[in-house]
Every structure is written in C-alpha cells, then in structure tokens.
Amino acid sequence: MAIRNILTYIVVIAIASSVAYAADPTQLQDFCVAVNDPNAALFVNGQFCKNPMEATPEDFFRQGLDKPGFTGNGNRLGANVTLVSAAQVPGLNTLGISIARIDFAPYGLNPPHTHPRATEILTVLEGTLYVGFVTSNLQNGENKLFDKVLNKGDVFVFPQGLIHFQLNVGKTPAVAIAGLSSQNPGVVTIGNAVFGAEKPISVDVLSKAFQLDGNVIKRLQSMFWISP
Ligand SMILES: *[C@@H]1O[C@H](CO)[C@@H](O)[C@H](O)[C@H]1NC(C)=O
C-alpha cells in the first residue's frame with residue numbers, strides 16, 4: 001500500500017512537472033541584448049548576448065509607434081502592421097514579449113493568420129473592429145468561432161497558435177495596439193501559406209483537401225497573396 005502511494009506520488013509529480021515545462025523557461029539573467037559582433041558578446045544558452053556592462057538605454061528603446069502605417073491606395077488589404085519585436089529592439093531578446101501597432105483604412109482587413117509562438121492581447125485605440133479566432137479541432141470535430149465587435153478601449157485576446165482576424169467595420173480609420181507573448185511571435189498568413197507557397201503546393205493536394213476543382217485551385221494559386 002505504501003509503495004502504491006509512493007508510485008502515485010511519483011506519477012503526480014511527473015505530470016505536474018511536465019506541465020510546468022510546457023512554458024518558456026525562465027531567463028537566467030536580467031536580459032540578453034542581441035548583438036552581432038562576437039567580440040562584444042557573451043554566450044548565454046548558446047546565443048550571443050551583448051556584454052551587460054555595455055548595454056545602453058537605446059537597446060531597450062524604439063520611437064515611432066505614434067506614426068500610422070500606410071494603408072492608402074496600393075495597400076490592397078487596407079491594413080498595416082508595425083511590429084516591434086527583438087529584431088527592432090535588441091533588448092527584447094530572451095524576454096518573451098513584443099508589441100505591434102495595427103492601422104486599418106475604412107473596411108481594412110488583417111486577414112486570417114496565426115502566431116505560432118505567441119498569444120496576442122489587442123486593444124482598440126480608435127474605430128470599430130470585428131475580430132475573431134477559431135479553435136483548434138475539437139473532440140466533436142468542430143472548430144468554433146469566438147468573435148466580437150470591439151470599440152475604442154475594448155480588449156480582446158487571441159490565444160497562441162489559433163487562426164484570427166481583424167476587420168475595420170467603420171467608415172473611419174481604426175488603430176489598435178497588440179501585445180504578443182514572444183520576442184519573435186512569427187506570422188502564418190493562411191491564404192499566403194496555403195495558396196501562395198513558393199514553390200506551390202501540388203494541385204492534387206489542395207483540390208482534395210478543399211474539395212475543389214483543380215482549375216479553381218490553379219486560379220487561387222495564380223493570385224497575388226499579400227499580408228499587411
Ligand atoms: C506599411 O507602412 C509602412 C510605413 O508607412 C510602409 O513603408 C509600408 O509600405 C506599408 N505597407 C503596406 C503593405 O502598405
């Protein structure tokens with residue numbers, strides 16, 4: 001009996017610790033400002049980091065999120081994402097967070113996409129957005145849409161990895177700020193990845209997958225897929 005209790009205890013600990021390891025590891029130092037020059041670098045977890053004695057406030061700083069991204073003529077989606085991640089602010093390296101400004105022309109769309117490495121929390125500063133995300137495949141085979149119309153000051157969360165979108169349903173420009181739980185969230189724009197891949201995914205694969213005639217697939221593949 002005692003042995004069984006101990007085994008149960010070990011199993012519970014094993015499950016609990018495997019859950020704990022599902023999160024990003026905690027950083028081992030205050031920060032690891034990304035640097036390209038190996039002579040100015042230390043190694044942490046196999047990556048170059050700037051020697052902390054040489055880090056400056058500029059490593060943690062970026063200007064310009066007050067400026068709208070261009071959404072005018074020639075921007076076919078009428079949306080523009082200005083991302084500030086570790087690529088723009090080297091001090092974000094290893095910290096697991098980034099931010100984006102998203103501008104929308106009237107009826108502009110940030111098309112269905114996912115962030116493979118980040119949950120997103122979005123707040124509307126101006127305008128009215130229709131937003132939503134779709135769950136992964138549920139046990140009953142469904143994918144459920146969670147959607148909402150957001151006004152100024154409203155906040156909405158897009159869980160990590162799930163397909164989501166934002167559409168400006170107002171007659172005026174809209175702007176939102178998004179926080180992302182990765183220093184390098186990544187983007188998969190669904191249409192671009194599926195129909196715009198370089199080289200193209202085989203028509204046989206896509207016509208079977210989408211239950212569409214090959215000519216429809218070829219037409220979709222011939223389109224110019226863009227992301228904001
Ligand atoms: C987004 O805005 C930036 C800054 O105005 C501009 O350089 C870029 O071309 C815009 N992107 C699109 C797709 O219009």
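Quick reminder: no glycine exception, Cβ is built from N, Cα and C everywhere.
These come from TrEMBL:
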- 1-22: signal peptide (SIGNAL)
- Cys32-Cys49: disulfide bond (DISULFID)
- 68-218: domain 'Cupin type-1' (DOMAIN)
- Asn110, His115, Glu120: oxalate binding site (BINDING)
- His113, His115, Glu120, His164: Mn(2+) binding site (BINDING)
Cα-Cα distance linking His113 (Mn(2+) binding site) and Cys32 (disulfide bond), given in Å to the nearest integer:
29
Any idea which of the disulfide-bonded residues Cys32, Cys49 has the thinnest Cβ neighbourhood at 10 Å?
Cys49
To the nearest Å, how far is the Cα of His113 (Mn(2+) binding site) from the Cα of Cys49 (disulfide bond)?
31
Across the domain 'Cupin type-1' (68-218), what does the pLDDT come to on average, as a whole number?
97
With Cβ-Cβ distance below 8 Å and at least 6 positions apart along the chain, what are the contacts of His164 (Mn(2+) binding site)? List them in sequence order.
Pro112, His113, Thr114, Glu120, Val131, Gly132, Phe133, Val134, Phe158
List, in sequence order, the residues of the same chain other than Asn110, His115, Glu120 whose Cβ lies within 8 Å of the centroid of the Cβ atoms of the recorded oxalate site.
Ala100, His113, Thr114, Ala118, Leu122, Phe158, His164, Gln166, Ala178, Leu180, Pro185, Val187
Rounded to an integer, what is the Cα-Cα distance in Å between Asn110 (oxalate binding site) and Cys49 (disulfide bond)?
34
For the Mn(2+) site built from His113, His115, Glu120, His164, further residues of that chain with CB within 8 A of the site's CB center:
Thr114, Ala118, Phe133, Phe158, Leu162, Ile163, Pro185, Val187
Spatial separation of Cys49 (disulfide bond) from His115 (oxalate binding site) - C-alpha basis, Å
25
Simplified DSSP label at His115 (oxalate binding site) comes out coil
Cβ contacts within 10 Å for Asn110 (oxalate binding site), all chains included, total 27
Check Asn110 (oxalate binding site) against DSSP and tell me helix, strand or coil, would you?
strand
